[in-house]
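According to TrEMBL, the protein has these features:
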- 6-252: domain 'Carbohydrate kinase FGGY N-terminal' (DOMAIN)
- Thr14, Arg84, Glu85, Tyr136, Asp245: sn-glycerol 3-phosphate binding site (BINDING)
- Thr14, Arg18, Thr267, Gly310, Gly411, Asn415: ADP binding site (BINDING)
- Thr14, Thr15, Ser16, Thr267, Gly310, Gly411: ATP binding site (BINDING)
- Arg84, Glu85, Tyr136, Asp245, Gln246: glycerol binding site (BINDING)
- 262-450: domain 'Carbohydrate kinase FGGY C-terminal' (DOMAIN)
Amino acid sequence: MSEPRYILAIDQGTTSTRSIVFDDQARVVATGQAEFAQHYPEDGWVEHDPEDIWRDTLATAREAIAEAKLAATDIAAVGITNQRETTLLWDRATGEPIHRAIVWQDRRTADHCATLKAAGHEVLVRERTGLLLDPYFSATKLSWLLDNVPDARARAERGELAFGTIDCFLLWRMTGGRVHATDATNASRTMLFDIHRQQWDADLLVLFDIPASVLPEVRDSSSLFGHCVPELFGAPIPIAGIAGDQQAALIGQGCFERGSAKATYGTGCFMLLNTGDKAVRSENRLLTTTAYRLNGKAAYAIEGSIFVAGAAIKWLRDGLGLITHASQTDDMATRVADNGGVYMVPAFVGLGAPHWDAHARGLITGLTLGSSAAHVARAALESVGYQTADLVAAMIEDGAARPSALRVDGGMSANDWLCQFLADILEIPVERPANLETTALGAAFLAGMAVGLWDGPEAVKALTRQDRSFTPAGDPQRRADLLAGWRKALERALA
Ligand SMILES: Nc1ncnc2c1ncn2[C@@H]1O[C@H](COP(=O)(O)OP(=O)(O)O)[C@@H](O)[C@H]1O
Ligand SMILES: O=P(O)(O)OC[C@H](O)CO
């Protein structure tokens, strides 16, 4: 029998679950996808039903294997990538979660965070975890579960409960409750993990009142985590790669060198810049995080997020009725010679990094009777470029190396005009891969490296293919003028 040469990647995201089978040349062979329900039990609360997630994981994985016309024995390994920070607590004996998952977007612990911040604890959190003391991360969500689900704390103290992010829960279920582990990238987003020493932090466990008994073991992102119980797919396929979705995209884009960077443009944008073995500390409220951990060695990244990227284009369509399809913005932006002095600051939900202004609100400035729908569309696309430029400037100010190129992915990266504008405004080449499924590909790379399908980072990097590279053009004065115009508009939007 020949060696299995395919990898199954599971990408469990915030709104959908995808399973993709890749061949040994990193080509997509088959895909299964399912969207699942979002629960908003109260204002600012967001929950997922873990049984939906488990059901869709199995169904999409089986669908992808069947569509690829493969047997489980053809799959060399499974890789898992996931929405990060989302928090679960389950019963070790039954595998039943004691509550729905609290999603990363959930703000119910804002007061808890504010209290800890007021007491001066943010310094410790920043130093150990590289994060901000914010409800975004798992720690206060976990302590909420312990304090609000009847009996939870007592049961946790007795060692009956297990905590995990989505990767960890899926691993537990796939191994039939045999393995309680996560990888270093996911652990880095819990606000309980010391990213420098790469271990759970005793002081933070005290600060957030978390019993150590609930914690999973933390392993390298590319390593043998366990085997699927054979009943799931028909063979005990090894689970050999795990990473949070933004880190997985970094890996899927082949960003293994210091100074390499990726930005994913979907609803919002997550940008990660690889800083190598140096954990760069941000003075601009960017996040420092583990990019991946291979052979016991952690690589770090500095991360910035923009809340509104593609959502601005969606608003042109659904809010203004200016377009019927997002891709029309490409032609509209091309049609006008310049932005005609029109700027959009898409602060619909405040502004993220590096401005961090929750009360900022959106605006369009510079309108004249000569302004057209095309100018507004162009201003929306340009705003994504300016926000990215602000992130890159903050990263460099923090001492990170200037990115050698920006690798883009996500739905919005299909827009050629935007990619060229990004190259011009950042003054760095923008590269778009042929396969935009970089997140799943990153999980596949991690799994494939662990089982010897691929030799290591150099080998997987050689498998990434570019669709197009956008070279910076345009004159420096024009760029300076555009950035000055953006800054003026930005100042008006800040609260
Ligand atoms: N050609 C395009 N030009 C501009 N924006 C686009 C284009 N195609 C998609 N988008 C935007 O990208 C977003 C969808 O990207 P996707 O990666 O699927 O997002 P998410 O994973 O966050 O749901 C939408 O907000 C849409 O408006
Ligand atoms: O599931 P996504 O793609 O929205 O990503 C969510 C991020 O991991 C949150 O930190």
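Every residue gets a Cβ built from N, Cα and C, even glycine.
For ligand 1, there are no nearby binding-site residues; that is, of Ser16, Arg18, Glu85, none has a C-beta under 6 Å from one of its atoms. Applying an 8 A CB threshold to same-chain residues 6+ apart, the list for Asp245 (sn-glycerol 3-phosphate binding site) reads Asp11, Gly13, Thr81, Asn82, Gln83, Arg84, Thr439. Long-range neighbours of Tyr136 (sn-glycerol 3-phosphate binding site) (same chain, six or more residues apart, CB within less than 8 Å of its CB): Glu85, Trp104, Gln105. A simple Cβ count within 10 Å picks out one of the binding-site residues Thr14, Thr15, Gln246, Thr267 as the most packed, and that one is Gln246. With a cut-off of under 6 Å between the Cβ and any atom of ligand 2, the binding-site residues Thr14, Thr15, Arg18, Arg84, Asp245, Gly411 reduce to Thr14, Arg84, Asp245. Across the residues annotated as binding ADP (Thr14, Arg18, Thr267, Gly310, Gly411, Asn415), the widest Cα-Cα separation comes to 23 Å.
Per-residue pLDDT, averaged over the domain 'Carbohydrate kinase FGGY C-terminal' (262-450), rounds to 94. Least packed by the Cβ count within 10 Å, out of the binding-site residues Arg18, Arg84, is Arg18.
The sparsest Cβ neighbourhood within 10 Å, among the listed binding-site residues (Gly310, Gly411), is found at Gly411. The DSSP secondary structure for Ser16 (ATP binding site) is strand. Candidate binding-site residues: Ser16, Asn415. Fewest other C-beta atoms within 10 angstroms, Ser16. In this entry, Arg84, Glu85, Tyr136, Asp245, Gln246 make up the residues listed for glycerol, with the farthest two CA atoms of the set 15 Å from each other.
Between the CA atoms of Thr14 (sn-glycerol 3-phosphate binding site) and Gly411 (ADP binding site) there is a gap of 15 Å, rounded to the nearest whole number.
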